[in-house]
Amino acid sequence: MFNFTTKGGHRVALRPEMTPTLARLLLAKGRSLLLPVKWYSLPQCWRYEAITRGRRREHYQWNMDIVGVPSVSAEVELVCAACAAMEQLGLTAQDVGVKINSRKVLQTVVAQAGVTPEKFAPVCVIVDKMEKIPREEVEQQLHELGLDASVVDAITSTLSLKSIDEIAAKIGETHEAVKELRTFFDLVAAYGYGDWVLFDASVVRGLAYYTGIVFEVFDRAGKLRAVCGGGRYDGLLTLYGSPKPIPCAGFGFGDCVIVELLRDKKLLPSLAQEVDDIVIPFDETMRPAALQVLRQLRAKGRSADIILEKKKLDKAFSYADRIGAVRAVLVAPDEWTRGEVTVKLLREGEHGKESANRGEAVKVVDL
Ligand code: HAM
């Protein structure tokens, strides 16, 4: 938590994630909300972390959540959306993968070992640290939670199971978790992202509220922390006061790790500034006319800028170049009296087929 005491003596925390906010929002909407809903958001989040590559104290996080769908088709849709986003960025299944597990597996093993249900979420939070802190320390924390050595062994051996078949051998082929995992993999393959996903029993995720399938996107080179993480959290809304459980699943996809990955792969998109039109008044007497042209262009939905100060033409054109303008629209006295302006195409714009290329007179009405 990024928390502190304000000058007024209030203890506050900056939002570390969006999911509790989403839960409150859903509850506020109450019955007026027709389920299922699919929502996304791009919140800024803060965590008081040790800063490392891809880990910041402040980041933006794309969230996508599906509310009201109890079946794994929700998780399938979410994971495929994350894969599609990465594919659009130029990444492939050789660059990234999505590790899939179900918390229901560990929950069953822990329950069979006699651990009371309220200890399950803390167990997951501790187990999630397995890759970050020494194993002995994890085991120590589990002991401190009141788990004896045989339970700790049962947990660690479950985390190292290698396939859904091994899970099935342990908890039974008809177990809900096994059926859900098998359906999930079948459906993701049917959608076409089968080679992006893999089963990994060690993924439990560090947030207490997950109840079913959990997943994490990782870089296959193993250099970075998780690119994205999510899962099913059917109990969270009850925690915030919902009279009945509402099935939810979602993920958070941060901006920092993906940028590092895209930079490594030389896939960072060029986000060069681009303006459709730069309007250039020939001189200050033409500024009122230039402003009319500017307004007309903006009303058409074009991004348009204007030279704000008296500038020589060559300086105006070098400004146009600096802002990446596609067209220069010169408003000069003679043309203006004929209801025309001079349009010069400076570069190939997003719109492609611009009407002029080297300073042609264009009727203002046709701009
Ligand atoms: P999370 O795993 O804590 O899950 O965070 C999701 C993603 O946010 C991470 O995979 C990473 O991309 C990014 N992220 C988290 N912390 C940092 C940080 N300090 N610096 C940079 N990036 C970071 C959640 O937050 C859940 N609320 C996700 C979710 C939504 N589950 C269901 N719906």
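Backbone N, Cα and C define each Cβ position, glycine as well.
TrEMBL: automatically predicted annotations, no manual curation.
Look at TrEMBL and you will find GLU17, MET18, THR19, ARG47, GLN61, ASP65, ARG205, TYR209, TYR210 tagged as L-histidine binding site. Within the same chain, residues at least 6 positions away in sequence whose Cβ sits under 8 Å from that of ARG205 (L-histidine binding site) are ARG103, CYS124, ASP128, VAL214, GLU216, GLY229, GLY231. According to DSSP, ARG205 (L-histidine binding site) is assigned to coil rather than to any helix or strand.
As annotated by TrEMBL, domain 'Class II Histidinyl-tRNA synthetase (HisRS)-like catalytic core' applies to 2-251.
Residue counts for the domain 'Anticodon-binding' (279-364) by DSSP state, with H, G and I taken as helix and E and B as strand, are 32 helix, 23 strand, 31 coil. The domain 'Anticodon-binding' annotation in TrEMBL covers 279-364.
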If we take the residues GLU17, MET18, THR19, ARG47, GLN61, ASP65, ARG205, TYR209, TYR210 that the record assigns to L-histidine, their largest CA-CA distance in Å comes out at 21
